[in-house]
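Chemist: The structure follows.
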Amino acid sequence: MKNLIKKFTIAVIVLSILYISYTTYISMNGIIIGTKIHKNDKSQFMIEEISESSYGQFVGLRQGDIILKINKEKPSDKHLKWGYLSHINSLDILRSGKKIHLKDFDLVTLNRPYSFFLFVLPLFFYFLSIICIFYILKVNKKRRSFAAYILILLLLDISIAYISAGGPFRGHIINRYINLFTFISSPILYLQFIQRYLGEIGKTFLNRISFLYIIPIFNLGIEFFQDYLQVDIDFLATLNLVSFATLTLFSFSAIYLHLNKYKYAEHSFILKLLILTNTLSFAPFLIFFVLPIIFTGNYIFPALASASLLVLIPFGLVYQFVANKMFDIEFILGRMRYYALLAMIPTLLIVGALVLFDVMDIQMNPVRQTVFFFVVMFAVFYFKEVMDFKFRLKRFSEKFNYQDSIFKYTQLMRGVTSLQQVFKELKNTILDVLLVSKAYTFEVTPDHKVIFLDKHEVGPDWNFYQEEFENVTSEIGKIIEVNQGFLMKVGERGGSSYVLLCLSNINTPRLTRDEISWLKTLSFYTSVSMENVLHIEELMEHLKDLKQEGTNPIWLKKLMFAIEEKQRSGLARDLHDSVLQDLISLKRQCELFLGDFKKDDNPCREEVQDKLVQMNEQMSDVISMTRETCHELRPQLLYDLGLVKALSKLVAQQQERVPFHIRLNTGRFTASLDLDSQLNLYRIIQEFLSNAVKHSQATDVLIMLISIQNKIVLHYEDDGVGFDQEKNTEHSMSMGLSGIKERVRALDGRLRIETSEGKGFKADIEIEL
């Protein structure tokens, strides 16, 4: 089905290009189709045949008229194309013995204003549609959307309906059928596109839309058998307009009802965009041409002029089909309602004044003038806001310019680094905008003591406002007005509140709603900025204290140890995946070679065999050492089975190599720890054992790890040589106690060491859970 519609779409594109080329040639040459000319016995040009709906009939020509002059010249073959009149500005004809001068041929000459709506705009619309079609085909190479082909057909349908609606080729019978079918079927194609488009995003719309094609086919049949049925041409025109209006209103209602049903669905914004484009496109044509013709027989604006906004439909659909990001339709609708309300009042005043003073243009009735001035006013208000936003034009003086002042204030807050700077910028902003001359900052303590913060300035007598200071501290942004100004809470810290007192030399008027809203916004911005500045100041003080103490904070130690463990793990993986695997492979090759070598008869066999055996043993030692190194760098058992199993393996490995006895007791350890804490405890015990091997000369080592209530206790004890803590500070550092202490601090624990020369070494570590 998709391949069939694809081929059909391509065929329609080719046929449309041929049709547009044909109509363009007719328009460029001003050929009046439907008005057949031939020479009579006297070699006079006579109108032999004229179609009912042709442009020749529209300008007043009748069958049997004899043409005396064309463009004030004697008729000749140069004024004919295919037997039809062409390039006509005026005609002098003879009818029933009377000479008649006809000159109303504006619609067939491209140098007239009417040609813009009859030929230029429709042709421009067609070429834009072709560009959009190629863009849709390009995008659809990846999407492979069925809706894309229906959208292409819709673009071509509206383009052909628009360009075939008028001009010198109106009398062409085939052109009339093409215009009728494409004109009435455009709302149906529109609904089919919406159905397919929503279906491809998983939404249902309408079923059996194809049955609606019965309406244009029925109208086409009546048009075809018009003479046989003896149907009046005015009735046919009304029937066609009623059919189009019915289908258009049906499509609009279907989309609206679907939106009302799924107003909170994720695709509701798509439906709103469809309703917007539908209304803007069809409403002018329906209101100013179709409905007036149906009910009164006269139109307000000509069909081609009122239908010019139909171009919004395909472009809106193309944008919706290819765009990755949509405009905010709620915002657009809100702005349109706002601009429409603003434009309505001056429009009614202007038109009312024109009617009252009787200065109305003859060609512009009150309805036309109302529409014209409304559109102009609407466009003026829209472009005014666009220009204001784009160039940030100052619509007011700096006083009372609340929005710009907030924007400027937030920009200034980005560069403040102290509380005094925050207060300074706040005071300057308020003094620039409001009718106050002075601003002061105060701190109100929890016991309602008022402290003046601007020490470098002469402060006011704030004792008059003691009660107001007590009442204003209830919430941030609260404002209390006094005779010559107001008080406002702008922030808090702990139990203290920061209050701004703004005064004037004279009694100030009451604050307006806009001013109160603006001040509250400023106070909230100030409160956030104060919190940030205070946090930064506290952090700087804390860093200074740490620098003086010469120790790193716990969070930094944890980070450093985490980075160290990550580096250890990476190195262990590299050793295991590269060096260790190469060694194992080399050892395997050596074993195979040694096995083959024993089978051969070689006088030097024993000597070479001994060397190979020695090399094999050395490789075994290297492999074993590499494995142990990988395990020490990254204790895989700890990651897989936990701390207790990893410690048991660590003690077992150490026991094979050390000259002393190691006892490990973890039976009462049941705490659940995160991986970082387990790694730190593992490294601490590993460091204790390493120190015992290097320095203790012990014969017995005891390690106990227990958990009691919300506490973890690690006890280490050996009977080695010990050391004097007071005299041997450097020695203790060399024993690795520095790393142990840092890890204990990272765990937020406490380390207690008992040792002296010749009396062994004891260490207790307590960690709160």
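Just so you know, glycine gets a Cβ as well, placed from its N, Cα and C.
Below are the features I grabbed from Swiss-Prot:
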DOMAIN    571-769  domain 'Histidine kinase'
MOD_RES   His576  phosphohistidine
TOPO_DOM  1-9  topological domain 'Cytoplasmic'
TOPO_DOM  34-113  topological domain 'Extracellular'
TOPO_DOM  135-144  topological domain 'Cytoplasmic'
TOPO_DOM  168-235  topological domain 'Extracellular'
TOPO_DOM  258-272  topological domain 'Cytoplasmic'
TOPO_DOM  296-299  topological domain 'Extracellular'
TOPO_DOM  324-337  topological domain 'Cytoplasmic'
TOPO_DOM  358-361  topological domain 'Extracellular'
TOPO_DOM  384-769  topological domain 'Cytoplasmic'
TRANSMEM  10-33  transmembrane segment
TRANSMEM  114-134  transmembrane segment
TRANSMEM  145-167  transmembrane segment
TRANSMEM  236-257  transmembrane segment
TRANSMEM  273-295  transmembrane segment
TRANSMEM  300-323  transmembrane segment
TRANSMEM  338-357  transmembrane segment
TRANSMEM  362-383  transmembrane segment
Chemist: Using DSSP, how many residues in the topological domain 'Cytoplasmic' (135-144) fall into helix, strand and coil?
Modeler: 9 helix, 0 strand, 1 coil
Chemist: How about long-range neighbours of the topological domain 'Extracellular' (296-299): same chain, 6 or more residues beyond its ends, C-beta under 8 Å?
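Modeler: For the topological domain 'Extracellular' (296-299), the list is 288-289, 306.
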Chemist: Please work out the mean pLDDT for the residues of the topological domain 'Cytoplasmic' (1-9).
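Modeler: Summarising the topological domain 'Cytoplasmic' (1-9) by its mean pLDDT gives 72.
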Chemist: Count the residues of the topological domain 'Extracellular' (168-235) that DSSP assigns to helix (H, G, I), to strand (E, B) and to coil, and report the three numbers in that order.
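Modeler: Across the topological domain 'Extracellular' (168-235), the residues distribute as 51 helix, 0 strand, 17 coil.
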Chemist: What does DSSP give as the helix, strand and coil breakdown of the topological domain 'Extracellular' (296-299)?
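Modeler: Residue counts in helix, strand and coil order: 0 helix, 0 strand, 4 coil.
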